[in-house]
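> Below is one structure. I have some questions about it.
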């Protein structure tokens, strides 16, 4: 068993008291202007208007479980939650807008007939946030005005407008749409915002996954410290890591050269660190706060990534490295050590939890973002805690909405609670792995002290900084 190869910190705090509505300007850092050789641009809301930036097909959100429902990334592939006109449950997209059957029919009939209505009150009959009482007679003037305001497109009506009044009204609506700047594709619903957040997280994951897969070349070591990694621009390819050091020399008292293996532990940690730098909130934190946060979150995110990769990519029910080798494989004499045996079982906990609850990729991405943004890490000041908590609340709200869309209003909250209940298991695994690291470090030091040297092999400086907190 490789002594430092498999290796978790303060308790996780969730704030469910208030959830602000999604921020339309939610975005992640664009590093494309800093590094010309790689594209790191993460699309914000404006970029989504450009169909050339992203194809119409949703990102890969496959899961190893064939019987689950998959939420399509594109909003039009999922029935919207409410009508934008009357705020009652919608039945689909009609004339480019999420709407109910009543409002759809009313808009079509009004355009075809060309009828015009007058409000007897103050033209505020459709104002408010609560669903309109459909059992009462609605103000037709305000209802039609609301249809136009939210972006219903008269040109999408298939029935022919034969009357002169209808043609005049259609022309007026089109002119009004232009003056209001109404663009139907920009109407933002909660489903649209969730889809955009999912696509952004999927994009980040796709950028760091090659780094996670590659592993450090045998014999090479990344000599950078944690603060150097966090304070530099993203490095998503192993060959771009600055100051790679080749360490071929074995211990002085060994009779034969030490066999070198691909170091997947370091690149797994590195993938978690590099992905964190792509979130906009990271740039709002000072370097000291980022170091504190990532000393806590790196191992957690790495464990989650390793577990989901083993399930989804390797189709395995045990933890495996990207080359297919078993993670935590013990040598013959290690099997007689209860501490080693318990550790091998320990590192499987996150994977077993994901398997038991059939976590799909979107749940994994959102949950990992929640675990990354932990304002309860000791040492953070109130200003930085507020930034992190605000970011976390967005992901918590997104996960809740996703669970409601996938499992309905009855089972959705239960599924949401089930996913969040995995947090203590993952946190405890991280803490126990760090305790094991201290045990191995002391044992290794004692061994080499008896040999007359304090030489100690380590995976990397960054690894030691994270594991020794």
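Backbone N, Cα and C atoms are what each Cβ position is placed from, and that goes for glycine too.
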> Between 62-82, 83-103, 146-166, 167-187, which stretch does Swiss-Prot give the note zinc finger?
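Matching range for zinc finger: 83-103.
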> Tell me which range among 119-142, 191-214 Swiss-Prot lists as zinc finger.
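Checked against Swiss-Prot: zinc finger maps to 119-142.
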> DSSP helix, strand and coil counts for the zinc finger (119-142)?
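Split into helix, strand and coil, the zinc finger (119-142) gives 3 helix, 0 strand, 21 coil.
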> How many of the residues that make up the zinc finger (83-103) does DSSP mark as helix, as strand and as coil?
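Reading the DSSP string over the zinc finger (83-103) gives 3 helix, 7 strand, 11 coil.
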